[in-house]
Every structure is written in C-alpha cells, then in structure tokens.
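Chemist: When I checked TrEMBL for this same protein, it listed these features:
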- 343-359: compositional bias 'Low complexity' (COMPBIAS)
- 342-377: region 'Disordered' (REGION)
- 30-47: transmembrane segment (TRANSMEM)
- 59-81: transmembrane segment (TRANSMEM)
- 160-177: transmembrane segment (TRANSMEM)
- 197-216: transmembrane segment (TRANSMEM)
- 228-248: transmembrane segment (TRANSMEM)
- 260-285: transmembrane segment (TRANSMEM)
- 292-312: transmembrane segment (TRANSMEM)
- 318-336: transmembrane segment (TRANSMEM)
Amino acid sequence: MAVGSYSLAAGEKAASQGQSQRDVNKRLKYISLAVLVVQNASLILSIRYVRTLPGDRFFATSAVVMAEILKVLTSLLIILLQKRFNVKETAFFLVDSIVFQYKDTLKLAVPSLIYTLQNNLQYIAISNLPAATFQVTYQLKILTTALFSVMMLRKSLSRVQWVSLLLLFAGVAVVQVQQEGKKEASVSDSSNQNYSVGLVAVVISCLSSGFAGVYFEKILKGSSASVWVRNVQLGIFGSALGTLGLWWNDGAAVAERGFLFGYTDMVWCVIFNQAFGGLLVAVVVKYADNILKGFATSFSIIVSTVMSIYLFGFHVDLLFTAGAGLVIGAVYMYSLPKTAGGSSSPSSSSSSSVSAESSRTNGGAEMEAFLPKSVLV
C-alpha cells in the first residue's frame with residue numbers, strides 16, 4: 001500500500017514537473033517572439049533615424065568595424081565564462097581552434113567577406129529607402145536563400161513553399177511599383193538620398209545574404225565548433241576586411257576627421273544593437289521554431305511600418321498595404337512545416353530532415369547576419 005502511494009506521489013510529482021517545464025518553454029517562446037520583433041524592427045528604424053539626421057554623418061564603414069570588434073570581444077568573454085575564467089585554458093583552446101585548425105578557420109573567410117559587404121550595403125540601403133520599404137524588400141533574401149539551397153545543397157521545397165516564394169516576389173514587386181509612383185513622398189528631397197541606389201543595395205544585399213547563408217551551412221555540416229568560436233573566427237576576418245573597406249572608401253576622410261567622427265549616443269546604440277543583437281538572437285532562436293521566426297518577421301514588418309508613419313511621416317496607401325500583405329503572408333507560409341503529401345519531390349521529406357539536422361548542428365547558422373552579420377531575421 002505504501003509502495004503504491006509512493007508511486008502515485010512520484011507520478012504526480014513528475015507530471016507536475018513536466019507541466020511546469022512546458023509552461024516555462026511556452027513563456028520562453030513568447031519572450032523569444034518579443035525579442036525577435038523588437039530587435040529586428042528597432043535595428044532598421046534606428047539606422048534609418050541616425051542616417052537621416054541633419055548635421056555631421058558618421059562613417060558607416062567605421063560602424064561596421066566597431067560592431068565586429070564588439071562581437072569578437074563579447075564572444076571571447078562568453079568562451080572565457082564557459083572555461084570558468086581559466087585564462088590559460090581559454091588561450092590554449094582558442095589557439096587550437098583558430099590557429100592550429102587554420103584550414104577550418106580559413107573556410108570562414110568567404111562568408112565573412114560577404115557578410116562585411118552585406119553590412120555596408122544595408123547601411124547604404126536604409127540610408128536611401130524608407131524603413132518600411134527596406135523591411136519589405138529585404139525579405140527577398142528568403143527567395144535567394146531558397147534558390148541557393150536548391151542549387152548548392154540539393155534541397156527540395158514543398159509546393160506551399162514554391163507558391164509562397166512567388167507571392168513574396170509579387171508582393172515586393174507591388175511595393176516597388178508603389179514606391180516608383182511616389183518617390184517624392186517616399187524619399188526626402190535631400191541630395192544625400194537616392195532611391196535607385198538604395199534599391200540596388202538591398203537587392204545585392206539579399207543576393208549576398210542568400211549565398212553566404214547557404215555557403216555557411218554547407219561548410220559547417222559535421223562541424224563540432226561552437227557558435228561562439230565561429231563568431232570569433234568570423235569577427236577576426238570581418239574586422240580586418242571591414243578595416244580594409246574603411247581605408248578604401250573613407251580612408252582620407254577618416255584620417256582627417258577621426259574614426260569616431262559623427263558618433264552620438266544614438267549611433268552607439270545602433271552599433272551595440274547591431275553587435276549584441278545578433279548574439280542575442282542566436283541565443284533566443286533556440287526557443288523559436290520556424291513558424292515563430294516567420295511570425296516574428298511578419299510582425300516586425302508591421303511594427304516598422306507603423307513606427308515609420310510616426311517617426312518619418314511615411315505614407316501608406318492601398319498598393320503598399322497589398323504588397324506588404326503578400327510579403328507577410330508569404331513569409332508565414334514559407335515557415336510552415338512540410339506535410340507528408342506536400343513535397344515537390346520524393347526526396348523532400350529526407351531533405352527536410354537534413355535541413356533540420358543541419359540547423360541544429362550549425363548552432364544558428366541562419367544568424368548570418370551578425371554572426372554578422374545581419375541580424376535581420
């Protein structure tokens with residue numbers, strides 16, 4: 001009898017603990033959603049804000065370099081924390097992971113170069129496009145990533161995903177038609193802003209984002225390196241390449257005015273958001289499935305649009321609403337899990353499982369951005 005009572009009590013305790021864990025995970029998912037939305041929308045809006053303020057404008061190339069340096073330092077601090085602040089052990093670990101395994105490190109030179117280019121292009125794009133327009137157009141990275149995945153990783157997409165990509169392209173096209181018809185309302189008369197330059201920058205950024213993300217996934221398959229080591233490796237290349245880009249593009253001006261010329265408290269907030277936002281998303285995304293990430297992206301478009309109305313006087317009409325609606329719906333559709341009968345090829349289910357597995361082993365490779373590189377999800 002006592003044994004039966006003990007078993008019953010143990011079962012109730014286990015059930016209670018299980019329910020408690022489910023409640024915690026549920027709360028973490030909603031917290032993850034909020035973090036993803038706020039980080040994604042705030043980064044775009046803040047960059048747009050500081051790049052359109054009157055007065056001295058900071059060098060975007062210096063901001064990219066500074067963000068890379070901060071990411072490296074933060075990743076090193078986290079590795080040191082994981083090693084229980086054993087400096088000697090941490091140093092040996094880093095030398096082994098980065099120097100002795102130099103072939104593995106060199107693999108990240110290509111994505112780091114692309115990520116650095118992408119970061120600079122994002123500054124150019126957001127400086128010349130309304131925040132909401134950039135946010136909608138930037139979702140073309142889903143299309144480019146999907147196409148590069150099919151070509152480079154031989155992945156297959158479900159019929160729903162192919163339809164969503166068509167809707168995505170149509171939605172972006174509608175928004176561009178709307179913007180083409182009212183450039184004067186969308187872009188300030190300032191000679192510093194050029195809609196065509198911004199559009200070209202965001203399209204190239206989407207292409208580079210898609211290629212870099214898939215290339216990153218390809219080289220990381222089977223890798224046991226932690227995401228923090230990868231961040232250090234990427235950051236080392238990113239800092240060096242970013243500095244080279246700064247010297248090439250703004251070298252004379254930086255020599256005359258200084259590396260931190262034009263920096264204000266708001267600019268520092270943007271840099272910290274860019275540097276730590278990607279690391280934060282990499283941690284948060286552990287609790288966010290693809291549907292949640294798709295919903296977060298869709299909701300961040302809405303937030304960016306609403307805030308753009310109040311902050312920048314952005315005008316929303318029926319055509320923009322229709323285009324943005326198509327993009328939001330497409331993003332959500334693309335994030336839906338594949339069904340047994342909805343694949344576009346017999347290998348779809350196995351490809352999906354490979355994708356899921358690679359996503360786990362990559363330690364959040366999709367955080368290309370800032371791990372960037374670009375934390376825009």
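Every residue, even glycine, has its Cβ placed from backbone N, Cα and C.
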Chemist: Please report, as numbers and ranges, the same-chain residues at least 6 past the borders of the transmembrane segment (59-81) whose CB is under 8 Å from any CB of it.
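Modeler: Distant contacts of the transmembrane segment (59-81): 51, 87, 90, 93-94, 116, 119-120, 123-124, 127, 226, 228-229, 231-232, 235-236, 238-239, 242-243, 245-246, 249-250, 253-254, 259-262, 267, 270-272, 274-276, 278-279, 370-371.
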Chemist: Counting Cβ pairs under 8 Å that are 6 or more apart in sequence, does the total for the transmembrane segment (30-47) and the transmembrane segment (197-216) reach three or more?
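Modeler: Per Cβ check, the transmembrane segment (30-47) does not touch the transmembrane segment (197-216).
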Chemist: Take the C-beta pairs under 8 A between the transmembrane segment (318-336) and each of 160-177, 197-216, 228-248. Which stretch has the highest count?
Modeler: 160-177
Chemist: Residue list, the transmembrane segment (292-312) vs rest of chain: Cβ under 8 Å, 6 or more residues beyond ends.
Modeler: 29, 32-33, 36-37, 40-41, 44-45, 48-49, 52, 130-132, 135-136, 139, 285, 324, 327-329, 331-332, 334-336, 377
